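Student: One structure is given below, represented as structure tokens, and several questions about it will come after.
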Amino acid sequence: MGDPKRPRKKYETPRHPWEAERLEYERKLMRKYGLRRKKELWRHQTQLKRWRERAKELMARTDPEAQREREALFRKLYDLGILDKKPEEATLDDILRLTVEDVLERRLQTIVYRKGLAKTPLQARQLVVHRHIAIGDRIVTVPSYLVSREEEEEVDYSPYSPLKDEDHPIRCEARGESPEETAAEE
């Protein structure tokens, strides 16, 4: 089995630390997706880079094993919701066209915000970390969790969360009502 080595770093830092255009782009993405640290963004960029490198390797190969690996890569990215085309219709060029925003859209934090369970991406992050969000019966506390197509419909408030109650003040605000209006209706 061998000796365990240091775990591989999951992200690569930019080659140059002070490129104004890149810094502005990163700031825009961090604000849009509610990221706390650039390391989170770099982790997703590195993952995307690895998928693209894999696609380039598979483009050059023509053996039957490469075809099986292509299908597995297409299936994986389709199941994660990153590729829009079905695995049978997808091409390696589709993988090469992916952007980091395609990956960021699949984060649990982003999906909670897009489904209207939170008013802002940062509130979505807080709800995830504070155990208010569940996927099916399973509470997930990792905002960067990549939600698959299957799981996307199951994202909701945790059954153990006080937010599950329709009359909770945060849910009333998300609907555009004040908690007082809801109480007055009853």
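Backbone N, Cα and C define each Cβ position, glycine as well.
Residues or ranges marked as compositional bias 'Basic and acidic residues' by Swiss-Prot: 163-178. The domain 'S4 RNA-binding' annotation in Swiss-Prot covers 106-170 and rests on sequence analysis. For 151-186, the entry in Swiss-Prot reads region 'Disordered'.
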Student: Please list, for the compositional bias 'Basic and acidic residues' (163-178), how many residues fall into helix, strand and coil according to DSSP.
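Tutor: Reading the DSSP string over the compositional bias 'Basic and acidic residues' (163-178) gives 9 helix, 0 strand, 7 coil.
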Student: Between 0 and 100, where does the mean pLDDT of the domain 'S4 RNA-binding' (106-170) sit?
Tutor: 96
